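> This is the structure, below, for whatever I ask next.
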Amino acid sequence: GPLKPEITITYIAVSAIFFNSGLSLKTEELTSALMHVKLHLFVQIFTLVFFPTAIWVFLQLLSITPINEWLLKGLQTVGCMPPPVSSAVILTKAVGGNEAAAIFNSAFGSFLGIVITPLLLLLFLGSSSSVPFTSIFSQLFMTVVVPLIIGQIVRRYIKDWLERKKPPFGAISSCVLLMIIYTTFCDTFANPNIDLDKFSLIIIVFIIFSVQMSFMFLTFLFSTRNNSTFTPADTVAIIFCSTHKSLTLGIPMLKIVFAGYEHLSLISVPLLIYHPAQILLGSLLVPTIKSWMVSRQKALKLTRQPKAPVKV
């Protein structure tokens, strides 16, 4: 159509989002969060190792059900995706958690995802033997890494203006992301060969919400156990960064890795559902998580206060 998504979405829109992220991310916050190695390891291992492996095991059980096999493969692609740059950070900030750690892990996860996600997709789903690795990595590098770096460089020169004017970076990214979602939905459901039955779609939606709830609870348990050194604010960042998946990076990556794939439209559906579901679920849980964090921080302050000497 007139939007020319093969150009505007694949190159311009994705590059715009990451340039926008580069402009908005505070370099000093990223560098201050850099030293929290244990938290970063937890988030990245959970996101890029545990998550896709657990989904693969789960899908072995679901493969005997009548659920559409290409939607199940789409669930596996969700598991292989890196954390998003936007939603995890926004929700962590809304709760009052460790925003710097969320920003760092979202950005760092996107960098890792450029290399690891295509490898995971090919490992779990396979593709033709002639997968153009050089093309995949060069395109992702040009549309993700380069705009992010340029954004950080430009930020250094207009930092004072940005601090003074505070441009609506979140709204800009949301509008571009909405354009990506719209064109992807159109591309998916305009395909005359798409075979999407209502039963499979309903079950996939239920599974997606169940997986999100289960993994959020799991990360909460791991990060709050007795021998954990994470603060309540760290736990908030861990919950959102470990369980959220990037649509911004995911859709272009699927289109590159599985270009010309007959069932690409069906494979994309679970990721298109997962993104709004994670924002909806996260938004609903913000008050509950915030209440827990505040009460936990108060309890920790009380336990650290020196006890007053008892007068005889």
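Yeah, the Cβs are placed from backbone N, Cα and C, and that goes for glycine too.
So TrEMBL has the following annotated:
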| type | residues | note |
| --- | --- | --- |
| TRANSMEM | 6-25 | transmembrane segment |
| TRANSMEM | 37-58 | transmembrane segment |
| TRANSMEM | 103-124 | transmembrane segment |
| TRANSMEM | 136-157 | transmembrane segment |
| TRANSMEM | 169-190 | transmembrane segment |
| TRANSMEM | 202-223 | transmembrane segment |
| TRANSMEM | 235-258 | transmembrane segment |
| TRANSMEM | 264-286 | transmembrane segment |
> When you check the transmembrane segment (202-223) against the transmembrane segment (37-58), do you get at least 3 Cβ pairs under 8 Å, counting only pairs 6 or more apart in sequence?
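Yes, the transmembrane segment (202-223) and the transmembrane segment (37-58) are in contact.
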> Which one, 136-157, 235-258, 264-286, has the most C-beta pairs under 8 Å toward the transmembrane segment (37-58)?
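Against the transmembrane segment (37-58), the leading stretch is 235-258.
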